[in-house]
Every structure is written in C-alpha cells, then in structure tokens.
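**Student:** Sequence annotations record features per position, and here TrEMBL assigns domain 'ZU5' to 1-131, 132-273. The active site annotation in TrEMBL covers HIS121, SER123, HIS263, SER265. For 465-550, the entry in TrEMBL reads domain 'Death'.
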Amino acid sequence: SFTVTSEGCRVVLACGIRFYFPPGAASDPVRICFRSLMPDPQWVKLRHHDVLLSRVLELQPHGVQFQQEVQIWMPYISPQTPHQHEVVVRTFSGQSWSDLKTRVKRERKSKKCVAHCCVLHFSWFLVVSRLVQNECQVPAEGTLLFSSVDPNIKVIFPPGVTQEPRSVKLQVLPVSAEDIQEITANAGCRASPLLYLSQDSTVDFLKPVRIQLPLPPGVTGLNLDRSRLHILHGDLEGQTWNDITSEVVLEFTHLYAVFEVTHFSWYWLWYTTKTYIGGIAKKVYERLRLYQVNFIALQRKKDPEQVLLQCVPKHKVDPVLKKLQDRYRGPEPSDMVEMFEGEQFFAAFERGISIDMDRPDCVDGRLSFIFYSHLKNMKEIYVTSPVDRKGQAVKGQVSFYRGAVPDSIPEDASRRRKGPDSLWLATLPIKLPQLKRRWDESPGPLYGFSFPPLNLGNAETGYLTQANLLSIARRVGADWQSIGLNLGLTYQQIERIGYNNREDLNKQILDMLFSWAQQNSEDPDSVSKLITAMKESGRQDIADEVEAIIELGRQKYSESIRRVGLEQESSTEDSAIAIM
C-alpha cells in the first residue's frame with residue numbers, strides 16, 4: 001500500500017506498474033492498497049476472440065472517486081496478431097466489465113509493452129487484446145462506417161435510419177483460405193472475413209442498413225455462380241448460423257456483395273457447393289477460437305523431486321524446451337490437444353507419485369490450471385512418494401484432465417468435454433530415482449547427520465556453535481516449519497525436508513536448522529536473523545536462549561581481550577626492566 005495526498009505523486013511498483021496522481025486528485029490523504037492476482041474465469045469474463053495479456057490488478061478502496069484523472073501504466077505481453085487485434089485496458093465498474101480508452105507503446109530501455117489509461121475510480125484492471133473495434137455515432141441524417149482492418153467492408157446508414165442518435169460498433173475477423181480448407185477438408189469452400197456489428201440501442205433501425213462485404217478469395221463478379229453464394233447470420237454466441245440468402249436482396253459488383261439488414265449480429269459470406277452450410281460455419285467458427293497446445297513435464301537434473309508442468313501453445317514448444325534443457329530433463333511433450341482461452345484443466349500425479357494436498361491450488365488431489373494463451377501456464381512443485389525409495393525407484397506419471405469450460409463456449413463443444421473418457425487430455429511419465437543414504441543409521445548427537453564445524457556470527461557479536469544449535473533444536477518442536485519459513489527457507493525446501501525425514505520429527509528439525517546454518521555460515525547477521533525468526537514464530541523463549549548464549553560469548557571474548565592486553569602490558573614492563 002501507499003498513501004496519496006493532495007500534493008499528488010508518482011508511484012512505481014516492483015512489477016512495473018506505474019501511477020501518476022496529479023496535484024488535487026485526492027482532496028484528503030488516501031491510503032491506496034494494491035495486489036496482483038491470477039485471473040479467475042468465474043469473474044474475469046473474456047469475449048469472443050479476446051486474449052488475456054496481463055494479470056489482474058486490484059486497486060482499493062473500490063469505487064473511490066478522484067477529483068482529477070489518475071494515470072495508470074500496465075505492462076503486458078505483446079499479442080501475436082497485432083493487425084487484427086488492438087490492446088485495451090478493461091476495468092470492472094458497477095456490474096460489468098468495460099474497456100477504457102487506451103494508448104500503447106514499447107518502452108525504449110526495457111523493451112516492454114505498456115498500456116496507458118486514465119481513470120477517476122479504482123477497481124480491477126487487466127489488459128486484453130480484442131478484435132479491432134471501429135465505432136461511430138449514427139445521427140438521423142445517416143453516416144458511413146468502414147473497417148480499419150479491411151476497408152472493403154462498409155456499413156452505410158441512410159438518412160432517416162434512426163430518430164435518436166445511437167452508437168454502432170464494428171469488428172472484423174479475417175479468415176484465411178488455408179484455415180477454411182484445413183478445417184472443412186474441402187478445397188471448394190471459401191469464405192469472406194467475419195463481420196460483427198453491435199449497437200447501444202435495443203430498437204431496430206427504421207430503414208434497412210446496407211452492408212458491403214468482399215467476395216470470398218478467388219471469386220469475382222465475372223465467374224460468380226450465385227447458387228453457390230450464401231449469406232449467413234450468426235447469433236451473439238456464434239452457436240447458430242442461419243442462411244439468410246433468400247431473405248435479403250443481393251447486389252454484386254466485380255469485387256463486392258451488398259445486402260440490407262435491419263438488426264445487427266454476425267455476418268459471413270460463404271461460397272461452396274454444400275447445400276447446408278450452417279453446420280460447417282459453426283464448426284469453423286468454433287475452431288477459430290481454439291488453440292493447439294502441448295503439455296510438458298520436466299524434472300530438475302539436480303533435484304528430480306522438483307517437477308515443472310506447463311501447457312504451451314504448439315508454436316512455442318521448441319523455444320521453451322530449448323530454454324529449459326540445461327536445468328531440466330524429461331519425456332517428449334504430449335500429443336497436441338485443443339483448448340479455449342480461459343479453459344480450466346487439472347494435473348494429477350498417479351502411480352506412486354503424490355503432492356501436498358494442502359496447497360491452495362489443489363482440488364481433490366489435483367493441481368488446478370487456467371489456460372491463457374499468452375500467459376505462462378506453468379507450475380513447479382515438489383512431489384513425494386509413499387513408496388520406500390531406499391530400495392527401488394518409483395515409476396509414476398502425471399495426467400492432464402479437462403475442468404470447467406468458459407461460459408461462452410458453444411454447447412456442442414461443452415458437451416464433448418463431459419464424461420470420464422472425454423476429460424482425459426494426456427499422460428507423461430515421472431520417475432523418482434532410488435534414494436541415496438544421506439546419513440548413518442547409527443544414532444548419535446546429530447541423529448546421523450554429518451555437518452562440517454559451524455560457527456555462526458563473529459567474535460565481537462558472539463558465536464553460535466554446532467553444540468549451541470543442537471541445544472536450540474531440542475526446544476523447537478512441531479512448529480519447525482513456520483520457523484524455517486521465517487528463516488528464509490522456501491516452501492519447496494520445507495516440503496522436501498519434511499518428506500526426506502517424514503518418520504522422525506527430530507531429523508526434520510535438525511535438517512531444517514542445519515541446512516539454514518550451512519547456507520548462512522558466511523553471513524555476519526545470521527545470528528540476529530535467527531533471533532528475529534524465533535520471535536516472528538512466537539518462540540520468544542528460544543530467542544531469549546540464543547541472546548543469552550550470544551551475551552555469554554561476548555563476555556568471554558571481552559575477558560580474553562582484557563587478559564591478552566594485561567599480558568602484553570606485563571611483558572612490556574619486563575622488557576623495559578631488562579633493558580635498564
């Protein structure tokens with residue numbers, strides 16, 4: 001959090017997000033709280049062909065009104081289709097998400113893409129890539145609206161088309177001939193770009209609106225067979241495509257088809273010998289929203305119990321594997337599967353491999369993921385096994401399963417994802433090697449652990465020796481995990497220590513304490529960090545003991561200094577007497 005006063009300020013967060021509060025934006029001091037969240041598809045609603053480019057930024061207090069606009073700069077991942085899409089900042093206001101007027105740029109120094117917007121309120125914010133949107137106000141006198149993606153697509157509003165001015169939005173999705181042929185498996189099928197029209201009024205236009213679409217590739221007014229041309233009208237979700245060719249008046253030029261409508265939605269021009277084209281168009285539209293992906297499961301070379309799981313778009317698999325090959329090894333990626341933006345999937349470890357069930361992202365023993373094509377769908381986790389690995393290796397596997405699908409997915413596609421067989425996506429092998437003996441089985445003061453001599457701290461501030469740490473370890477008890485985390489050990493390290501010594505609490509405590517000591521043996525502040533960690537863990541008794549040990553060490557050091565000083569003075573006097 002940070003505080004904003006009436007003087008204004010500039011704020012830069014560690015994640016790269018920046019703010020500018022102009023003077024007078026806040027009349028009274030306001031404490032601004034922020035956090036960065038992974039998007040939850042239950043409340044982050046993406047529209048058709050939207051692509052998420054950032055995490056969610058939450059700013060509180062929600063709904064606070066500023067006297068002047070506050071500027072926000074949000075870094076985002078550059079989209080792969082810059083011509084067809086545009087980048088906008090989306091915010092939640094009231095009961096729905098809306099897009100803000102956004103400027104984008106690539107910063108010279110960092111080379112990062114940044115989206116800039118201005119707001120008068122705080123809520124949730126995220127960066128998305130949407131189909132390029134052209135917008136105009138339609139007055140009673142009529143007007144012309146055309147697409148900036150394909151200027152051949154035009155919408156003509158005649159005079160008298162409306163009584164009250166209304167806002168109209170136009171979006172275009174180009175579709176390549178190669179995609180049509182690949183999806184339909186029919187070289188004779190061709191289609192125009194997809195046109196989507198919307199308005200802010202629920203009332204139909206008073207007069208027909210003229211729409212101009214380019215003829216499909218390879219089709220001109222000279223070779224046109226009118227019996228093969230179909231105009232399709234799709235509903236808002238793209239689930240139903242009706243052939244309206246017989247319901248409209250069609251005009252043709254050498255390059256265009258022109259027709260009239262009174263209400264808006266999706267429009268698509270097809271050229272094919274098929275008689276029923278609605279089902280084919282629905283299939284193509286669904287496939288245009290799918291991403292082809294592969295799953296990878298890799299283990300660290302130095303620590304095979306640490307497993308990396310990732311869902312990677314097909315074209316990124318080779319670069320990702322090349323980047324990871326020095327530190328990880330594992331099987332070949334899975335076969336290709338298809339997923340929607342915002343679709344949930346799970347990873348389940350099977351056949352003798354298990355994970356910590358208390359993780360917040362663990363649902364019924366499975367790791368939960370949400371697929372976003374431009375974000376890293378990756379997690380690293382320590383795995384364990386109930387099998388005794390001292391005598392044998394464990395050959396297990398990780399399987400990926402579908403979860404909940406986004407609300408906007410077509411009903412047919414959602415139906416195909418139900419049932420036990422259809423949920424499975426892929427399975428990859430995981431092997432945990434046979435455990436090497438890490439300590440002698442004979443009991444001893446360190447329970448078989450073998451560590452080099454330890455002296456934490458320094459002579460002036462006091463030392464903690466191996467014997468001191470052993471005395472401290474005897475008092476730790478079952479709260480060793482919270483102490484380890486407060487000492488700076490990672491969750492994965494704590495998890496691994498617990499597994500390796502899962503049948504002996506004393507070994508868990510010793511392994512944690514001495515592992516930390518070895519990592520910090522050269523740190524002059526290690527003793528003070530140990531005291532602070534004990535206090536933060538609610539173990540003031542241990543902190544007092546450590547301070548007592550250190551104080552005793554300081555006293556011994558001071559006494560030794562004084563003793564050495566007296567000996568030096570005495571020897572100096574003896575030397576002077578001898579000289580005399």
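Easy rule for this one: first residue shown is 1, then count along the chain.
In case you wondered, yes, glycine gets a Cβ from its N, Cα and C as well.
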**Student:** Please report how many Å separate the Cα atom of SER265 (active site) from that of SER123 (active site), as a whole number.
**Tutor:** 31
**Student:** Where does the mean pLDDT land for the domain 'Death' (465-550)?
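**Tutor:** Value for the domain 'Death' (465-550), mean pLDDT as a whole number: 84.
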**Student:** Which is it, of SER123, SER265: the one of these active-site residues whose Cβ has the most other Cβ atoms within 10 Å?
**Tutor:** SER123
**Student:** Rounded to the nearest angstrom, how far is the Cα of HIS263 (active site) from the Cα of SER123 (active site)?
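**Tutor:** Roughly 34 Å, rounded to the nearest whole number.
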**Student:** Give me the CA-CA distance between HIS263 (active site) and HIS121 (active site), in Å, as a whole number.
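**Tutor:** With the alpha carbons as reference points, the distance is 35 Å.
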**Student:** What are the DSSP helix/strand/coil residue counts across the domain 'Death' (465-550)?
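**Tutor:** Helix, strand and coil residues of the domain 'Death' (465-550) number 66 helix, 1 strand, 19 coil.
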**Student:** Please list, in sequence order, the residues in the chain of HIS121 (active site) that are at least six apart in sequence and whose C-beta is under 8 Å away from its C-beta.
**Tutor:** GLY63, VAL64, GLN65, PHE66, SER93
**Student:** For a three-state summary based on DSSP, what are the helix, strand and coil counts in the domain 'ZU5' (1-131)?
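**Tutor:** Its residues divide into 0 helix, 65 strand, 66 coil.
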**Student:** What are the helix, strand and coil residue counts for the domain 'ZU5' (132-273) according to DSSP?
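**Tutor:** Taking each residue of the domain 'ZU5' (132-273) in turn, the totals are 14 helix, 59 strand, 69 coil.
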